[in-house]
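K.L.:
Before anything else, here's the structure in question.
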Amino acid sequence: MTATTPEGWLLVLALTLPAGAMLLAFVAGGRHAQRIALGALALWLVIAFAIALQVQRGGAPLAYLIGGWQPPLGMALRADGLSAAMLLTGAVVLLAVALFGRAPYATPRGAQETRAAYAYWCFLPALAASLAAAFLGGDLFNLFVALEMLTFTALALACLDGKPSQFKSELRYLLFALIGSVLYLLGAGLLYGAHGTLDIALLAGRTRADAPTLVAGALMTAGLIAKMALFPLHLWLPPAHAGAPAAASALLSGLVVKGAFVLLLRLWFWVLPAPVVLNGGTLLAALGAAAILIGSVVALRQERLKLLVAYSTVAQMGYLFLMFPLLAAGDAETASRAWLGGVLQAVSHALAKAAMFLGAGLIAASLGHDRVAALGGAARVMPITVIAFAMGGLSLMGLPPSGGFGAKWLLLRASVETGQWWWSLVILSGGLLTGGYVYRIVAAALAPPAPGCEARPVPRAQELCVLALALASILLGLVPLKDLGLVRVGAP
Amino acid sequence: MSFLLVLAPLMPLAMCIALAWPSARAHVQKRLWAAPLPALIVALLVGHVPPLVADAGGLRLTLLLDLPGALLLGGAALLWSAAGLYARAYLGDQPRFAAWWLLTQSGSLGVFIAGDLGSFYLAFAVASLAGFGLVVQDGTAAAIRAGALYLLLAVLGEIALLFAFALLAVGAPGESIAIADVVPPLAASPGGAVTALLLVLGFGLKMGLVPLHVWLPVAHPAAPMPASAVLSGAIVKAGVIGLIRFLPEHGAPGGWGTALAVLGFLTAYWGVVAGLAQRNPKTVLAYSTVSQMGVIGAVLGMGIVLDIGASGLHAAFYALHHMLAKGALFLGVGVALATGPGARRWVLPLALLLALGFGGLPPTGGALAKAAVKDELGAGIAAWCAALSAFGSTLLMLHFVRRVMDAAAAEPEGRAPPGLLGPWLGLGTAALVLPWLLLPVVGADAGKIWSLAAVAPVLLGAALAWPWRRIADRVPVLPEGDLLVLARRGAAPREALGRAILRFETLFRPWPAAGLSLLAVVLGLLAAMAARPG
C-alpha cells in the first residue's frame, strides 16, 4: 500500500514547475523566455536537492498519490534513491547547459527573437519536466508517456539549427525511437492484460516467469535498449548526437539516454521475476561488453571530434549493462555494490559526457572545424576547455579520484566477488581504449597550431560552464561512500 | 605529529594549486625546493609519528610511516628538493613545468606513506600519470613520442594494479582496505598467484623489470635533466615500495620468490648489456637504473625464498642509495654538459666516485647498500649472480663516465652556474655520506665491505673498462628501448585488427541490418529469459 509521504509535494513541484515554466516561456517569448527558463531550472535544482536530502535523511522513498487515489485506480509518483540521484544529476547538467546556451541563444534587447533561441528556451524546461516524469513515475504507462515526451523534446533540441543534414540524422533517431516505443507499448499491453495493473509496486508481487511476462519483458527491454543505443542497436546515435548543436548533444548523450536506463532498471529489478533477471542479465551484459569494446575501438578511429565523442557514448553505455548479471548473482553486499556502481556510472557519465560535448562544441566553434588531426593550437586559445575535456576523459577512463573510478571499482569488485571475472577484463580493457581516444584528442589539442589556422577566442563564461561539469564528474569520486548510500534507498 | 603525514603530499599539491593565481606564480617557482620539506621532516621523525586513520564515510583511509617507508620518503624528499633547486637554474620560469613537477611530487611522496588500497592507488596514479608532463616538457617530437609510450605503459600498469587491488579487497576478511589487512591472506589464498602476478606486472612496469622496462631508456633521456633525475630516482621507487608493501612478508610460496629473483637478475644483466651499447650518457644511466631495479627485485625475491622478514627494509636501504646517487649522476650530466672541455676534469672525481659506488667500491654508500642486502644475496648461487651484476654495473658505469666526458659541451669555455653545481654537489655528498649515517637502522655489518668478495667485482670491472673503451664505438647502436622494435613490428596487425572492427561495426549501420538486429535481440532475450537455470 502506497501512501503520500509528508514531503510528497516536492515531487509534484518537481514535475509541475518546469512544465509550467515551459508554458509560460512559450507565451512570453523573446528575452522573457530565457529569464523564465533559467529561473525555473535554478529552482528545479533546489527542488531536486531538497528531494535528495529528504530521501537521504529519511532513508525511505518519497511518494505522492495524485488525487489521493490508490493504484491501480490512481497514479503514484515515487522518489527512491535512484530517482533522487538521477533527478539531481539531471538538474545539474540542465542548469549548466542552460547557462552555456546564454551566449549562442541570446536575444539582444530590441532585436527580433530567433526561432532557435525561442525553441531552446522553451524546450529546456520541457526536457526537465519529461526527465522528472521519467525518474519519478511509478507506473509503466506513465513512464511510457514520459519517454515519448523525452524523445520529442530531445528531437526538437537536436534540430535547433534547422540544417538539412541534421534533419536526416534526426529522422533516423525519431524512427528508431518510435520503433522502440511501439515495442515497449506492446509489452506494457501484455503485462496489463495478464496482471490488470501497470503500477510498478503492485506488479512486483504479481509477476511469475510465465509466457506473457517473458514476452512482455523481452519486447519492452528491446524497445528500451533501442532507445539507449546499446550495440547492435546503436546505428542512430552517433550521427544524431554528433549532428546536433553542442548544447543539445550534451543533453542527448548525458541525460536523454539515461531516462530509458532508469526505466530499464525499474522493469528488470521491480517488475520481472528474479530467475528471468538472472538468465537474461548475462545477455544484456554481453551486449554491453561488445558495446564497450567495439564502440571504443571505433571511437579510437574517428576523424571527427564530435563523432568520436558520440561513439564514446555508445561504449560508455555498455558499462551500464554490466550491473545486471552482477546484481542478480551476488549476495546482498555484492548486489548493493553492483547497484551503486551502475548508478554511479550513469551519473558520472552524464556529467563527464555533457562536459565533453560542450567542450567539443566550443573547440569546433573556435576552429571552424572538428577534425581531430587539425586540433593543434586549441590548447593555447582555450586552455580551460581543453583541461575540462581532459578531466571528463579521465572520469570516463576511470582514473582516481573521479566518479568514473568509483563506478568502475565497484563493478570490478562485484564481478570478482561473483566469480564472473570476465567482466573485469572488459571493464579494464575498456579503460585502456578510452585512454587511447582521450589521449588522441588531448595530444592533438596540445600540438602547435598548423600554419594558417585561425582560432577565435571563446567566451570565458561558456568555458567555465564546461569546467564546472567536468569538475563535478571528478569531485563525485570524493563524495564519501556514506553519502552515496542515497542511491541504495529503496534499491531492489 | 600525525598531521605532518598529511602535509607531505599536500604541500606540493597546495603549491601546485597556488600556481593558478598569477600573483603567486613567481613565489612558488622560486621555492620549488621547499615543497618536499614536510616530507623530509616527517621522515626524520620516524618512530614518533603514529599512523593517521581517517574514516571517510565508511572507507577507512590510513597514512603511516614505517622504517622502509621513512628511508624512501626521506631520500625522495632530498632528491626532489635538490632537483627543484637545480630546475630553477636549469629551466628558469616555466609555470607549466612547475605544475607537473609539483603534482608528480605530491603523488611520489604520498605513495611512501599510503597505508590502504585507496590512497595508495591514488598516489601511485598521480605520480605515474603526472610524470607524463615532465617527459614531454621539451616539446620535441622525440619527447612527445616518449611521452605517449610512457603514458600507455603507465595506464597498463594502473590497470594491472586495479585488478590486483580488487582481488586483494575481495580476498581479505571484512570490509577493511588497509594494506596490513589485505596482504597477509594473499600468501595462503588459492588464487593468490594471479594477484601476485598482476602486482609484479603493475609494479614491475614502474620499476622497469625486463621486459617491461622499455619506457625507461626512452623517457629518461627525453626529459630535461632535473626531471630525468626524479624520474629515475624517485618515480621508479613507487614500484619498489609497491613490491615491499604488497608482497607478503612471511609465508608466500617459495616459487614466487624464485620467479621474482630470476626476473630480477635477468633484468640486472639485460640493463648492463643493453646499456653498454649506448652512446647517449643519459640513456646509459637509464639502463643502469633498469639494472639496479633488477637487483632490488632479486633482493625481494630471495627475501621470499629465504623467508627473511626484513628484506623490505634491506631493499629500501638499497633503493635509498640508488635514489640519491642516480639523481646526483643525472644532475651531473647537466653540469658536465654546461662545462667546457677544459674544466670538465673537475667534474670527474665526484662522477667517478658515484659511478663506482654502483659496483660496490668501498667506502662509498654503494658498498654499504650491497652490504645491507647480504642476507638475501650473500650465499649460494645468488651470491655469484650478485657478484656478476656488480661487475657488470662497474663496467657500465665506467662506460657512462667515459660517455659524459666525451659529450659535446654547449659552449667550449662554458662554466656551470652555481645553481647547477650546488644541488649536484649536495646530492652527491648525501649519496656518499647518508648511507653511513643510516647504517645502524638496517643493522648491516660494515666490516665486510673491504672483503675480497666485495671488492673483486669492482676491480675486475675496472680492469675490463679500458679494453671496452676501445671497442665500444664499434659496437652497433642498440635502439633506445631495445624490445620496442618488436612492439613496432606488431603495428601492422594492430592496424588491420582496428580496421576489421570498424568494418564489422559498419555492417550494423544500414536499416535492414538494424531491423534484423532488433528482431534478433528480442528473440535472443526471450530465449535467454526463458532458459531454465542450469
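Any Cβ shown, glycine's included, is placed from N, Cα and C.
Because the structure is a prediction, the values reported are computed rather than measured.
Per TrEMBL, transmembrane segment is recorded for B:36-58, B:70-91, B:111-136, B:192-216, B:228-248, B:254-277, B:318-339, B:346-369, B:381-401, B:421-443, B:449-468, B:511-531 (among others). The domain 'NADH:quinone oxidoreductase/Mrp antiporter transmembrane' feature in TrEMBL is assigned to B:114-371.
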K.L.:
With pairs fewer than 6 apart in sequence excluded, do the transmembrane segment (B:449-468) and the transmembrane segment (B:381-401) have three or more C-beta pairs that lie under 8 Å?
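P.N.:
Contact criterion met.
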K.L.:
Can you name the far-off residues of the same chain, 6+ from the ends of the transmembrane segment (B:346-369), with a Cβ under 8 Å from a Cβ of it?
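P.N.:
That would be 288, 292, 317-318, 320-322, 324-325, 328-329, 332, 335-336, 339, 390-391, 393-394, 396-398, 400-401, 404-405, 424-425, 428, 431-436, 439, 444, 446, 449-450, 454-455, 457-458, 461-462.
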K.L.:
State the non-local partners of the transmembrane segment (B:111-136) in its own chain: residues 6+ outside its ends, Cβ under 8 Å from one of its Cβ atoms.
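P.N.:
Distal contacts: 5, 8-9, 42, 51, 59-65, 69-70, 72-73, 76, 96-97, 99-101, 103-104, 143-144, 146-147, 150-151, 154-155, 157-158, 161-162, 165, 168-169, 177-180, 182, 206, 219, 222-224, 227, 230-231, 235, 237-238, 241-242, 245.
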K.L.:
Does the transmembrane segment (B:254-277) come close to the transmembrane segment (B:192-216), meaning at least 3 CB pairs under 8 Å for residues 6 or more apart?
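P.N.:
Touching, yes - the transmembrane segment (B:192-216) and the transmembrane segment (B:254-277) meet the threshold of 3 or more Cβ pairs under 8 Å.
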K.L.:
When you look at the transmembrane segment (B:511-531) alongside the transmembrane segment (B:70-91), do they share 3+ Cβ pairs under 8 Å, ignoring any pair fewer than 6 residues apart in sequence?
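P.N.:
Between the transmembrane segment (B:511-531) and the transmembrane segment (B:70-91), which are separate recorded stretches, there is no contact, as judged by 3 or more close Cβ pairs.
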K.L.:
Would you mind listing the long-range same-chain contacts of the transmembrane segment (B:318-339), meaning Cβ under 8 Å and 6+ residues beyond its ends?
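P.N.:
Cβ under 8 Å, 6 or more out: 71-72, 74-76, 78-79, 82-83, 86, 90, 220, 225-226, 228-230, 232-234, 237, 240, 281-282, 285, 288-289, 292, 295-296, 299, 346-347, 350-351, 354-355, 357-358, 365-366, 368-370, 372-373, 400, 404-405, 407-410, 414-417, 420-421, 423-424, 427-428, 430-431, 434-435, 438.
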